[in-house]
């Protein structure tokens, strides 16, 4: 059976959809296995997709096309960038279902249906080749998230979802108007065609800003990030995993798919804005993370800091920066997902996110402590984990554009180590001050099955990232080639002979000494 | 698959088996596997080193696996073996194997031994990856890997808040250095288009004289790159400004201090400068910075070491000071001497730490030297081992005849500094001699306070604790006053015992190293002819002329360090043996200076005030005032008021029917689509 001949993407969209409908009508005991089965089936299809994807083949593979109603076409297809993000989504989904297995007891069928619907919409976002189809998936994806936060969320879920709504509403409306204008200008909503359409430079500015309004909120970039900590804190564990793991990647995907290749000149002009906001975000949100008392809020703020590295990487206009940004997206999806799962594990036992209620749990939960240490280290970008590869490449790319941005963004490695190790210390180390925390059981088999696969992929991506770089290499190169004409010059300009800096090397003639030494 | 693969990956394998499999195989098996793994690695390392010494080995790179390829940036996992690597291999595997063995005794009563041994082996793996790196990124991998292991081992007793604080401090302060290292790598990649070490070193001389933009300034290219990389070295090697983590790192178990914070990890910075020495040779400015930082650290740490009372902290500052020596040796162009001192220092400093561990073990975890005294007779083997270490570090020997390990390496550094033509060589020379005096003083002070005089154990809480626990089973029982009254010799009735065999064997082996390492190996490291042949098989820039010139310095220069050493010994003897109250009188006579040294030049207080507190203060400010006070107030909360058509609607909006929001969105979408359909 040749996967390329089947409408794999449509099947991957249909499976969770059908399962979602089923879940609405069955008992809780049945909804859970249905949801798990559907997400695992999609994971298998994802692996099939991965294996049959040809990195050297056509740019768009597994394409499908059918006329829907009106101007909207059912056009699907993926390149390597979409592929990796779809893989991330289908990989995290079964884990989310597993994480909700026991902790969700209320309206289980609806809950599973919301998650399955979410999966369809996420895959749709990364696979859509029609601008309006993309928009529908992109915006509709928020609806199940609203439901998940609003129905199964915590105390202040209403405020959180309301904030989420207000932020995203404005951006979406502006982006829709921009999209309609683009369709009129180009005469098509076909994304591959639009990718090679040269929009007038004056129009690009407004279009870029319209898309920016939506993607910046989704990223989220400073200062439109304040919905994220609230949404995370209120969402159930699995909701946080999907929010951090996949939904935050939609902003980055949007920049990569639309803003950069469609508006190269505008993107180049707005580099100071993007870098400026990212630099503020790294320092500002890292410092805010340092003083958090709530575990989920801390990780949420750290997400904003990590996403700032993504935006820096994306707007470097070079191969390392963009590939690095994609790896940071994948890595952050896994690592912050895993960190939220880790929070969920102890939240399920103690029902509090208050950091000070824990302490010294290395004693009673050694396996948990080990995994949490691994994800903490991945979060701070320790070489050998996925976090390092992405950050390193993004920042290496950024150095070619701006040494200031690189310096400030790289301070994230200091601050990140500060807040993450401080968090780890307060949870896992120190005396066992709280008797109930000291009595917690170590992770069980189910929880191990949720965390161990992520741990394996995090190390795999850190030690042998080629698996993840190979499919995106050509597509990133295509984007870099497309935007090359607007690429910034960078501030490191080399002057081959510069007498003004000669005072640094007055004492001796280095070349001569080298020669003498080797004789 | 060559022996280098086994040397590097066997410790990793052992760490994984011991760490993850401890529940299945048990503690003894975990300890055996890791220890055996390290002894195997050590036995395989020595032939490589000997091979380079006698010229039968040549440098090569053993591939392992691809790592990253992104555009024109690519770097792989590979193991570089050359003379420089070989030196580090024997240092790392030998000290690590001995420390593993020593820990059988030292950690005997710890319930968590498999974890400890797994960390030790993991550390060794990371350190080996660092020294075998053929590209800067793999070096950074090892660099961060040892940082992680150091963090885990400093905080090994994780129930102690002070240990946790020290562990975090070590990691974060090192990260400050890593910021420089990373920027250095980025700059190197920007300039040379590669991160491969041999390629960079080959291309560097062509860039001499060029300038580069950095943060809006125009600076000398090679100076910038070298200094950025050197900031990394300063962090790892605890040089002035980024040294604050090292003394606190003494919270870790003593074997860790010996392995990581004396013999291996902290020397990574020196190794890096030597590995990249042809790069540093392209910038006199960078070399001057290295010289000044190294020399200043040497004197700074020595002054602080003079007045510390914790035995491990004295040795820690001593390490910091000795690392300063290595750096200014490199800065003045004597890379061979820097590596030689690294080599000999590894043996005698590991010996001093393990000896101190043996003392602490004997004294029931008391680390304050004020409560030691007269231990010579009780733990004679430890005493003689420490004596050998002290003779080695203070550089005892006779010019023209021979001496202990430090005599060869430290004197070479001081003489090379004098003979060098670099800008700040006389500063380095002067400080080198002065620091030698201080080194001699604090080392002998340690010996006199610990092993000589009369016991002062009775005041020690740890000893009292030991006696109390013991006393419960005695007929003297709970009557403390009686117990004390019975022993007015200051011992409180406590009997220190010599350490068990697993601890004494490493002390014995290292004692041999402290005595003979200088005499046996100085030819290969620093002699003009043999050194040139040895280092030719490495990236190290061997300055043959300087090594020649070093031997032709005036006699007073050669004697100066011996005189300094004898002076230090004499002063220490007078102060701590002859006149009992001299230290107090001196301390009160120079009270401000004494407090300045005692408080470590107030670096911790300064950093706390300048970095730590403001970070938390700004964090709270940004959160409460920025996010909540401004962004939310004028953003979502404020716009709610604007958007709402009236209070009624606002109330409805906030009533939380999510379906409403979803509906609004869908309505918007439908409207837009219908509009499009009508238009087309």
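Just so you know, glycine gets a Cβ as well, placed from its N, Cα and C.
Keep in mind that this is a model prediction, so the values were computed, not measured.
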Which listed span TrEMBL calls transmembrane segment, if the choices are A:6-26, A:426-446: A:6-26
Cβ contacts under 8 Å made by the transmembrane segment (A:73-96) with residues that lie 6+ beyond its boundaries: 7, 9-10, 12-13, 16, 36, 39-40, 42-43, 45-46, 49-50, 53, 55, 59-67, 115, 119, 122-123, 126-130, 133, 189-192, 238, 241-242, 245-246, 249, 253, 256-257, 326, 329-330, 333-334, 337, 341, 450, 453-454, 457, 468, 470-476
Intrachain neighbours beyond the transmembrane segment (A:368-389), with Cβ under 8 angstroms and 6 or more residues off its ends: 302, 306, 324, 327-328, 330-332, 334-336, 338-339, 342, 345-346, 361-362, 413, 416-417, 420-421, 423-424, 427-428, 442-443, 451-452, 454-455, 457-463, 465
Seg_contact(the transmembrane segment (A:132-152), the transmembrane segment (A:199-217)) with at least 3 CB pairs under 8 angstroms, min sep 6: no
Model confidence over the domain 'NADH:ubiquinone oxidoreductase chain 4 N-terminal' (A:68-122) (mean pLDDT, whole number): 90
Tertiary contacts of the transmembrane segment (A:6-26), as residues 6+ beyond its ends and Cβ separation under 8 Å: 34-35, 37-39, 41-42, 45-46, 48-49, 62, 64, 76-78, 86, 90, 93, 109-110, 112-114, 116-117, 119-120, 123-124, 127
